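Here is the structure we will look at.
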Amino acid sequence: MTTKKIYISDVTLRDGSHAIRHQYSVEQVRTIAKELDEAKVDSIEVAHGSGLQGSSFNYGFGAHTDLEWIEAVASVVKHAKIATLLLPGIGTIHDLKAAYDAGARIVRVATHCTEADISKQHIEYARHLGMEAVGFLMMSHMSTPQGLAQQAKLMESYGATCCYVVDSGGALSMDDVRMRFRAFKDVLKPETETGIHAHHNLSLGVANSIVAIEEGCDRVDASLAGMGAGAGNAPLEVFIAAAERMGWHHGTELYKLMDAADDIVRPLQDRPVRVDRETLALGYAGVYSSFLRHSEAAAQKYGLKTMDILVELGRRRMVGGQEDMIVDVALDLLKSLEHERIHAQPVSSEAG
């Protein structure tokens, strides 16, 4: 049994933004942050779903700017630290400085699981600002445990004090998680913390988070009602209930989280955050969870099945940042269906 305090990192106001196409109002953000703060989570991540400056044609326009959301949270929190997410190439060090000035004190610098080298500038600048810098290795199922650990070691060398296994596709099994944390332990300094960011596409979000803690993981990402991309993240209230049952020290107020999940967050969902045919396809095919809403829009526009688009994206091993390829895949599928339709027509012949 683990006796250490588990660091609870809430992502409702960042990853959860994907579930409602980045349309949180400032008042909703303020209300949710206040509930989370009173429930004593350790940090609250705030940004567009795709991180600082993610609001764009490619990723979807936000109802407000990142700074407006961060300032709203800063106006109500008294206990939790404010975190934000930055993807190099989308957000810049100038955006990071603005987020710091607005109240963010932790930045998770996110890269694809094989591209840790592009995080150097941003991690170093975060440390220069006095921020806590966290390395966030997305789509972790696409790398071997040892390969992922070497990428984490790079982030550590740049100044990251915590490195995450990020299951962006919700595709990792419990053994997959176990092996990745053991690989991290083999190469990272003892003082470098580790974290798990799970998605629930195979219904393993909570189970994988528990396995991570059993393997010595320090931090768990979770969200109220699982609010997040795809089938959502590990539901915060469910993970906390499980941790409570196991006698783990989490420091949060379970009933307050349960009330916030059902009374405040779940009613905001315009599409239920759950495991269904489409979100299951994400986990099965190992597809970036935030592709869901974009793929549904493309399927509706071109008269296709969302699942077919997602499975093809997985076959092509598309990764975060390639949202523009979703329409290309849809058009290719449409062309293929038309080709099959033409060649399936019976050929008429004239009798002699």
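Cβ atoms here come from the backbone N, Cα and C positions, even for glycine.
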Candidate sharing the substrate site with Arg14, Asp15, Ser168, His197 (per Swiss-Prot), from Tyr284, Tyr288: Tyr288
Spatial separation of His18 (active site, proton acceptor) from His197 (substrate binding site) - C-alpha basis, Å: 15
Mn(2+) site, defined by Asp15, His197, His199: further same-chain residues with Cβ within 8 Å of the Cβ centre: Val11, Val166, Asp167, Ser168, Gly170, Ala198, Asp221, Ser223, Gly228, Ala229, Asn233, Ala234, Ser289
Cβ-based neighbourhood (8 Å from the centroid) of the substrate site, residues Arg14, Asp15, Ser168, His197, Tyr288 excluded: Val11, His18, Gly49, Ala110, Met138, Val166, His199, Gly228, Ala229, Asn233, Ser289, Ser290
Reduced DSSP assignment, His197 (substrate binding site): strand
Greatest inter-residue Cα distance in Å for the substrate-binding set Arg14, Asp15, Ser168, His197, Tyr288: 15
Stretch-averaged pLDDT - the domain 'Pyruvate carboxyltransferase' (6-258): 97
